[in-house]
Structures are given as structure tokens and as C-alpha cells.
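Everything below concerns the one structure shown next.
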Amino acid sequence: MRVGEIVTAGFLALLSLYLMWKSTELPIGYIAGRGPGGGAWPFWLSAIMLICCGCIAFNWWRGSNPAAQSDEPVLDSHGWRTLLLVGGGIVGFVALVNIISMYGAIAVFLFYYTFILGRHRLILSLSISLITPIALFFFFEGAMRITMPSGLPFTDPVFNILYDIIY
Amino acid sequence: MDVLTLLADGMLLSLQPLNLAMILIGVTVGLFIGAMPGLGSVNGVAILLPVTFLVPPGSAIIFLAAIYYGAMYGGAVSSITLGIPGASTAVATTFDGRPLARQGRASLALVTAALASFVGGSVANILFTLFAPVLASVALSFGPPEVFALMLLAFATFVGLGGDDIPKTIFSICFGLVLGAIGFDQISGAPRLVLFDYNGFLQGIGFLVLAIGVYGIGEMLWTIEQTRGDVESNTPKMSIKGMAVDTKEAAKRGWRGTMIGSFLGFFVGVLPAAGATPGSLMSYGVTKMLSRKPDEFGKGAPDGVAAPEAANNSASTGSMLPMLTLGIPGSPTTAILLGGMVIWGLVPGPRLFVDEQEFVWGLIGSFYISNAAALLINLAFIPVFIWMLRMPFTILAPMIFVLSIAGGYAATRDMFDIWLMVVFGIGAFFLRKFDYPLAPAVLAIVLGPIAEPTLRQSLLLSSGDPSIFFTRPIAGPITIVALVLIFLPAVKLLRRGLGRRRKRPAQ
Amino acid sequence: MKITKRMFMSIVGASLLAPAPMQALADGWTPRKPIDFVIMAGPGGGADQIARFVQSVAEKKDLTNRPLVPNNKGGGSGAEALIHVSNANDPDHTILVTLNSFFTTPLRQANLGIDVQKFTPIAMMGVDPFVLWVHKDSGITTMDEYVAKVKEMGGEYVMGGTGAGQEDSIVIAYMSDAYDLDIKYIPYDGGGAVAKDLAGQQIMATVNNPAEAKGFYEAGDFVPLLAFSDERMPAYPDVPTIKEMGHDFSYYNQRAVVGAPGMSDEAAAYYQDVFTQIYESDEWQGYLEAESLSPLWMNADEQRDYWALQVENHKTLLTALGE
């Protein structure tokens with residue numbers, strides 16, 4: 001945790017610097033008679049963020065907050081595994097949306113999570129991952145009239161049938 | 001007295017069997033729409049609009065009111081059960097609603113939210129009935145300096161909301177404000193902070209993208225990591241008796257917050273620019289300040305659920321006032337309602353309140369009935385929400401992820417925003433590990449885009465002279481109170497010798 | 001009760017109503033999925049009201065077999081909408097309700113790489129004129145009094161509008177130049193906010209579409225001084241036009257529907273047919289009259305010519321503005 005704390009603060013300081021630099025594309029000063037320029041608000045707020053990062057680093061150096069004193073790893077092996085499997089699963093889910101449509105991706109993600117991560121029985125996992133997207137389809141497209149991404153063109157025949165049902 | 005007659009007519013109209021059925025359907029549908037992360041009353045009202053052509057306007061209005069109320073109640077449900085605020089107005093509800101749910105007291109939180117919403121809505125309806133025209137002129141006297149002063153006051157309540165680590169809290173507030181500045185600069189019209197020169201950032205970053213990322217993904221990942229993936233469900237089964245006990249406890253421990261929220265929320269909600277979010281936030285802050293046990297807040301105080309819920313319901317009703325009396329929408333939902341009025345052949349504007357009394361009071365009358373119906377239906381569904389919480393965590397968790405992503409897409413209809421959501425989620429996971437409070441950022445992204453333009457509009461008005469915030473009769477006192485509230489804790493801190501400087505953006 | 005049933009169905013969504021009988025387009029193209037009806041403005045503004053009105057007419061008359069789904073993309077003066085529609089992966093099901101930022105935003109944001117001529121013309125639903133308004137308590141009733149007042153204030157006269165480079169700021173810039181006025185301009189985020197602050201006298205005057213100020217005008221709060229239309233408007237017969245005052249200028253906000261770039265000819269023909277029917281409906285004609293819009297019907301080729309002309313005009317206007 002001790003290393004993680006300062007690395008995080010350092011990263012956020014860099015982010016603040018980037019935001020400050022980006023803000024200078026618009027005037028950051030006080031324009032006489034007109035008030036602050038367009039870049040002033042984000043520039044000075046980012047500057048305060050940078051100062052905060054400095055304070056965080058100072059506290060770290062003094063060891064005055066819990067994270068700075070702890071020698072625990074930020075993520076143990078189990079933590080990394082969780083992040084990779086669950087976080088990676090979400091990234092995969094979102095990546096799949098553009099390929100096999102929102103509903104297809106939901107089905108795959110649910111099956112992945114319940115069957116592989118959750119170790120539920122096959123029947124239960126399958127039924128959850130099939131019923132949920134269908135229910136959501138009728139909710140979003142039928143009731144709310146919100147069209148979700150339908151992926152690559154090869155999914156069109158399926159959607160055409162579904163649209164014929166609801167309209 | 002004919003106002004009361006019209007009001008009674010409106011209520012009676014709502015009680016006809018057909019209309020009553022519409023109220024029940026509308027409230028139920030609204031409840032589920034509101035409980036869905038990403039969706040809110042704006043979606044419910046939007047899908048209904050075209051249908052209003054097919055039914056008599058009277059019934060259409062009633063239906064709109066029912067959906068509106070249902071969705072308002074539903075907002076609290078996702079804040080408490082899923083831990084994801086579905087709307088910016090419900091962020092404050094998570095502060096205490098979520099801890100209560102974790103302690104297995106979700107039913108207490110839900111009952112408190114329902115009762116507080118009902119009282120908030122009722123108080124707002126009564127104030128509306130009595131004082132509508134007076135309040136309209138108050139709303140008009142709020143120009144940019146007054147709105148900015150009000151935003152300062154809302155920020156002042158932040159001071160008590162963060163964690164113990166002050167630099168991290170300030171960082172979080174500023175980060176939210178900067179994120180809110182991405183997109184176009186309203187005053188100069190120039191693109192601003194287009195990160196990595198990627199065009200997707202031109203449209204700015206919406207509240208929902210950050211909120212769903214932080215709560216729906218980041219917070220969930222953190223929970224899974226902390227609990228090793230399997231949260232033992234400690235939510236007890238529901239029983240009638242249990243609910244009666246909860247109701248009693250909710251009334252006892254939530255009445256203060258409810259009263260503060262109902263009144264404060266209404267007055268803030270009436271101002272067209274401000275809306276329900278600062279209303280609910282300020283009510284939470286004030287309730288905490290006035291409470292005898294401020295330490296309980298954030299750890300599961302029923303008052304902390306009651307205050308924002310009463311306030312956002314009250315404020316949402318209040319936001320109808322500028323629409324009906326001035327023809328100015330106070331929120332996206334009222335904007336769509338306003339569009340509906342054009343379709344029905346009504347002219348939005350100050351004449352509406354005078355010329356179309358039947359419509360106006362019919363609408364308000366149906367608010368009373370919808371509010372009551374929403375309370376009953378919400379209470380009836382609480383066991384269902386509790387049942388959801390009792391699902392094995394390995395089923396509930398992926399469901400929450402799915403609802404977050406699909407609901408997020410439904411709200412923004414842009415895959416770029418979904419990717420941003422994932423990035424925020426993973427970032428939030430790490431920041432959470434290092435005790436960075438993130439709620440201030442989530443609220444700041446809502447308040448920043450109101451605060452900055454009003455600040456700069458005011459300075460344009462005064463040719464750059466900041467004394468405008470102190471010399472105007474309404475803005476002056478608000479600004480001074482806000483500054484005192486902001487600097488009071490800072491002075492205390494300095495006294496304690498921490499020597500760290502607290503800041504405010506230069507005016 | 002068929003009505004109740006229908007209503008219930010469209011809410012709950014499991015609509016099993018008979019497939020909507022369409023106008024006879026037996027051989028033609030019809031949409032297969034809901035139509036993404038993108039609006040170049042946030043909810044509540046003038047463009048949004050029009051879009052929702054159009055949508056409800058289509059719904060009422062059952063003109064499309066798949067619904068028009070309104071999608072507000074108002075960010076960045078319409079840049080958000082233009083990017084969204086340009087990148088639409090299904091151009092046959094994506095249409096856009098435009099205003100003049102259709103011309104100005106691509107000019108002001110050249111890096112977006114938007115070429116308006118790539119869009120598909122569908123229908124010009126009408127054009128919205130602009131009017132100069134003051135609050136009744138100012139006591140000003142004529143343009144002469146207004147000019148005198150602004151000059152007397154010497155740079156302290158405050159007007160509100162929807163931002164630099166927006167339609168009203170172009171009009172105000174022209175007017176300031178023509179009458180040699182020094183005006184303090186406060187940008188707001190929408191026409192509604194501007195109207196509210198004029199009603200509350202936070203600002204002294206605005207240039208707005210009649211639709212946005214109509215409620216306050218009828219209540220007697222707003223006084224129209226000058227119209228920026230070619231001829232006097234039927235709803236405001238006593239308001240002189242700037243042309244009568246000897247300045248050859250008029251400015252309208254277009255209310256047009258365009259298709260995504262790359263839309264097929266068949267789909268374009270379908271939408272042109274649908275929007276022609278909407279345009280000719282009593283509802284729309286009534287709306288044009290009630291909201292003081294001027295009809296300006298054009299076919300597809302005329303629309304393209306109109307776009308080219310508008311792009312040139314706006315280039316000149318924006319250059320004059322110093323953009």
C-alpha cells in the first residue's frame with residue numbers, strides 16, 4: 001500500500017498537470033471588464049488538484065495516513081485475479097457489444113459470470129443468461145423504445161424478426 | 001375558493017375507475033423505470049408523450065403525473081439496493097441508504113425513503129397550491145449572481161461530506177468540477193479540454209457516465225475484491241410485522257430529515273436553474289449539521305436517507321412551478337411535459353396559470369393522488385426489492401453490471417460513453433482502495449456546469465467586479481452564509497495546527 | 001375501450017396490435033427497425049419542441065411502421081449530433097432535425113471534418129424568424145427609443161442570448177453594427193433561460209424566435225420591437241422589419257430534417273414521402289401559423305442549393321463577427 005499510495009498520487013499529479021496544460025488552450029487569466037477567461041476555471045481547479053497531490057505526498061512522507069503506514073500489498077494474488085477476471089469480463093462484455101449486439105453480449109457475460117466465476121449449475125446459468133437479455137429486449141425496445149446496438153450486420157435477421165414481434 | 005373547487009375536481013377526476021387504473025399502471029411502470037440505473041422519469045414521460053394524442057388530455061396528464069411520481073420513488077430503490085444512484089438527485093441517498101442495506105436493514109431504508117418521499121411530495125403540493133404565484137416572482141428574481149451564490153451554499157455543505165483525508169476530498173471535488181468543464185465553454189463557445197484531441201470529448205462527460213462508472217462498476221469491483229467474491233447475504237426475509245416495526249422506526253428516526261428536506265427541497269427546486277440535486281444535497285448537509293448525532297451520518301442514519309429523499313421529491317414537485325407559472329422548464333422532464341402541452345394546443349407561459357386553470361389544477365390534483373398511490377405501491381413492492389437482495393451474490397453482481405452497462409447506454413446512446421464508464425469504474429476501484437472519497441466528484445460534475453457559467457455571467461454583468469455577489473439583496477446574504485460555512489471548518493483546522501490550506505476558486 | 005388498451009400496450013410494450021397498415025408503398029423500402037430521430041438540441045428548446053411535435057404527428061397518423069425515437073444530442077452547438085449522425089452505422093435508419101448550427105458548427109469547428117453536402121436532404125419543414133424583444137417595464141416601445149437607450153447607456157446595455165456564434169448572436173452582431181450600438185452580451189445555455197431572465201429583468205433585451213417568447217408576449221411582459229424577417233409577420237403586424245428600416249438583412253433559423261450521409265435513395269424517398277405528409281397535415285400547418293414559422297417548402301435539389309447558399313452566407317456573417 002505504501003508504494004501504491006505515492007504512485008497513485010504521482011499519477012494524479014501528472015493528470016492534473018495534463019489538465020492544466022490542456023486548459024491553457026483558452027485564456028486562463030482575468031480579462032479586465034469581462035471576468036475570467038474560458039480556461040481559467042479548469043486551469044485553477046487543476047492547479048488545486050496538483051497542490052492536493054503535493055499534500056498527499058507530504059502526508060505520505062510523514063506517514064500520517066493509514067495507507068502510508070501499511071505494508072500490505074495493494075492487491076494480493078486473489079485481488080489481482082478478481083480484478084482480471086471480473087474487470088476483464090466487463091471489458092470483454094463492452095467489446096462484444098459492437099460485434100454480437102448488446103443482448104448477445106449480455107447473454108455471454110452473464111453465462112461467463114454465473115457459470116464460470118459463480119460455479120452455478122449449467123441449467124441455472126443458461127436460463128439466467130437467456131431470459132435476462134430477452135426480458136431486457138422487451139423492456140428497452142418494446143416499452144422504452146430505446147434501440148440498443150445490434151452489432152455487426154450478421155445479427156440483422158434475428159433483430160428483424162424481433163422487431164416484427166414488438167411493432 | 002374556486003381554486004380549491006378546481007383542485008377537488010382534479011382529484012375526483014383522478015379517482016374515476018379508468019383514471020385510477022392508469023395511475024396504478026403509471027406508478028408501477030414509473031417505479032421500475034426509476035429503479036433502473038440510467039433511466040428516470042424523463043424516459044417514462046418521453047415514451048408516453050405520443051400516446052397522449054390518443055386519450056383525452058385529462059387522462060394523459062394523470063398518467064404523466066403517475067409516471068413522474070413512480071420514477072421519483074424508484075430512484076431511491078436503486079440507490080439503496082444496488083448502491084447506484086440512478087439520478088443525480090439520488091446521490092445523497094446512497095450515503096446512508098447503502099450502509100443500511102449492508103447492515104441487513106435495507107427494508108428500513110426503503111420504508112424510510114418511501115415515507116419521506118410521500119411527506120416531501122405532499123408538503124410540496126400544499127405549498128404549491130397555496131403560494132404558486134408568489135413563488136413564481138421569487139423565482140424570477142434569481143439571476144446569475146443569485147444562482148451562483150446558491151451553488152456556493154451547496155458546495156459549503158460538501159465540507160462536511162468528505163472523508164477524513166482533507167487533501168483527497170478537495171482533490172475529488174476539483175476533479176469533478178474539471179470533468180464537468182470538458183466539452184464546450186458556454187461563455188466563449190470555444191471547445192475546451194478536448195482530451196487527447198479526441199472528438200468524443202466534445203460532448204462533455206455526463207453525470208451518469210461518472211456515477212455509473214464509480215458506483216455500478218468501481219464500487220462493485222471493490223466489494224467483490226474485499227469480500228473475496230462472495231458476499232454473505234444478511235438481508236432477513238420480509239414480514240408484515242417486520243415492516244410495521246420498520247415503519248415505526250423510520251418515523252421516529254427520520255422525521256427531522258423529512259421535515260428539513262421537504263421545505264428546503266421545495267424552495268431550491270422552485271428556482272429554475274438550480275433543481276433537485278442541490279436541494280437534496282443541501283438538505284442532507286443541513287440535517288447532519290442540526291442533528292444531535294452527526295457521527296451516525298454516513299454509517300446508516302435513517303435521517304440521512306429521509307432528508308435527501310424528502311427533498312428530491314419535494315424539489316421535483318417544486319420544479320413544476322416555473323413550468324406552469326412561467327413556461328420555463330426546470331428539468332429535462334418538465335421540458336418534455338412542456339413539449340406535450342404544445343401538442344395539446346396549450347401555450348406555455350405566464351398566461352397558462354390564468355387561462356388554463358382547469359389544466360393546471362387538474363395536474364396538481366392528480367399529483368396529490370399519484371403521490372399517495374406511489375407510496376402504497378412502493379411499500380407493496382418492497383418485499384420484491386428485498387428478495388432481489390437475497391439473491392446469491394454471484395448472480396446479483398453480474399446483473400448489476402449488466403444493468404449498469406445497458407442502462408448507461410440507454411441514457412447516453414453512445415458507446416464512447418460506455419468505454420469511459422469502464423475506465424472510470426476501474427480508476428474508481430483503485431482510488432477507493434486508497435480512500436479517496438468519490439461522492440464529492442460525482443456531485444461536483446452536476447454542480448460545476450451550473451456554477452461556472454453563472455459565475456462568469458455575473459462577472460460579465462458587473463464588468464468584472466466581484467462585489468456583485470455581495471451587493472445584490474438576495475445574492476449578498478446567501479454568499480456570506482456560504483463563505484462562513486466554507487471557511488468555518490478551515491479556521492477550526494488551522495487552529496488545530498494542521499497548517500494545511502483550504503481553498504476556494506478565486507472569484 | 002380500444003384507447004385504453006392501446007395505451008396500456010404501448011406502455012407495457014408487448015404491443016400485439018395488428019401491424020400498422022402503411023400507406024401503399026408495396027414495392028418501396030420500409031424501415032426494419034426503430035428510426036434514430038436525432039435532435040440537434042437539448043430537451044426543451046425550440047428545435048426539440050418541433051421534433052417532438054413532428055414525432056407525435058407521425059405517431060397519430062401512423063405514418064411509419066417503426067417508431068421515430070427522439071434522441072437529444074445538443075452538446076457542443078450540435079457538434080455532438082453531427083458527429084453521431086455522420087458516424088451512424090445504419091444511415092438508412094438515422095435522421096436529424098437541424099437548425100442553423102447545421103451550417104455554423106462545421107464552419108466554426110473545421111477539425112470535425114463535417115461536410116454538410118454529404119447529408120441527405122429530406123424535408124424543409126419551415127423557417128423560424130427572429131424578433132428583438134424588451135421587457136414592458138423598460139418603457140421602450142419603438143426601435144428609435146431602443147437605439148437611443150442603448151447609446152445613452154454607453155456599453156452597459158445588457159442583452160442575453162444563447163452564445164457566441166449562435167443564431168441570435170449573429171443577428172445581434174449585425175444589428176449592433178448597423179445601428180452602431182455597444183451591447184454587453186451574456187451567453188446562456190438555452191432560449192428558455194434567456195426568456196426567463198428577460199422576464200425577471202436580469203437582462204434588458206433579447207433576440208429570440210417568436211415561439212420562445214410567445215407566452216410572455218401574450219401575457220404582456222415582452223414588447224417586440226423589430227423583426228428580422230423579409231416581410232412583416234402575420235402574428236405581429238405592427239412590428240416593423242429591419243428591411244423597412246433600410247438595412248438589407250433578414251435571418252431565419254431553418255427547421256429541416258436531413259438524412260445521415262450515405263442513406264440509400266430508396267430510404268431517402270421513403271422519408272421524403274413521410275415528411276411531405278407531415279408537412280401537409282393540418283397539425284403542422286396549424287403549428288406553423290401558431291408559432292409564426294414561415295413555410296419554405298423545397299425539393300431535394302433545392303435543399304442542397306439552399307445549403308450551399310447558407311454555408312456561404314454564414315461564412316460571411318461569421319467572418320464579420322470575427323470568428
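Cβ coordinates come from backbone N, Cα and C, glycine included.
Marked as domain 'DUF112' by TrEMBL: B:20-443. This prediction places the mean pLDDT of the domain 'DUF112' (B:20-443) at 84.
Taken from TrEMBL, the feature transmembrane segment covers B:20-39 (among others).
Look at TrEMBL and you will find B:46-69 (among others) tagged as transmembrane segment.
Per TrEMBL, transmembrane segment is recorded for B:107-135 (among others).
According to TrEMBL, the feature transmembrane segment maps to B:147-163 (among others).
According to TrEMBL, the transmembrane segment annotation covers B:170-188 (among others).
TrEMBL lists B:200-218 (among others) with the feature transmembrane segment.
Non-local neighbours of the transmembrane segment (B:263-286) in the same chain are 88-93, 95, 120, 123-124, 127, 135, 138-139, 142, 147, 150-151, 153-154, 156-158, 160-161, 257, 297, 304, 307-319, 321-322, 326, 328-331, 443, 446-447, 450, 454; each lies 6+ residues outside the stretch with a CB under 8 Å from one of its CB atoms. Feature annotation from TrEMBL assigns transmembrane segment to B:263-286 (among others).
Under the heading transmembrane segment, TrEMBL lists B:326-347 (among others). Outside the transmembrane segment (B:326-347), and at least 6 residues removed from its termini, the chain residues within Cβ reach (under 8 Å) are 40-42, 45-46, 49, 52-53, 57, 60, 64, 68, 136, 139-140, 269-272, 275-276, 316, 318-320, 355-356, 359.
According to TrEMBL, the transmembrane segment annotation covers B:359-387 (among others).
Outside the transmembrane segment (B:393-411), and at least 6 residues removed from its termini, the chain residues within Cβ reach (under 8 Å) are 36-39, 43, 82, 84, 86, 206, 208-209, 212, 216-217, 220, 224, 227, 229-231, 233, 417-418, 421. Residues or ranges marked as transmembrane segment by TrEMBL: B:393-411 (among others).
For B:418-434 (among others), the entry in TrEMBL reads transmembrane segment.
According to TrEMBL, the transmembrane segment annotation covers B:474-494 (among others).
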- Item | Among the ranges B:107-135, B:359-387, B:418-434, the one whose Cβ pairs under 8 Å to the transmembrane segment (B:20-39) are most numerous | B:359-387
- Query: Out of B:107-135, B:170-188, B:200-218, B:418-434, which stretch has the largest tally of CB pairs under 8 angstroms to the transmembrane segment (B:359-387)?
  - Reply: B:107-135
- Which bits of the chain, at least 6 residues beyond where the transmembrane segment (B:200-218) starts or stops, bring a Cβ under 8 A of a Cβ in it? 37-38, 82-85, 88, 91, 94, 176, 179-180, 182-184, 191, 193-194, 400-401, 403-404, 407-408, 411-412, 414, 416-417, 420-429, 431-432, 438, 441-442, 445-446, 449
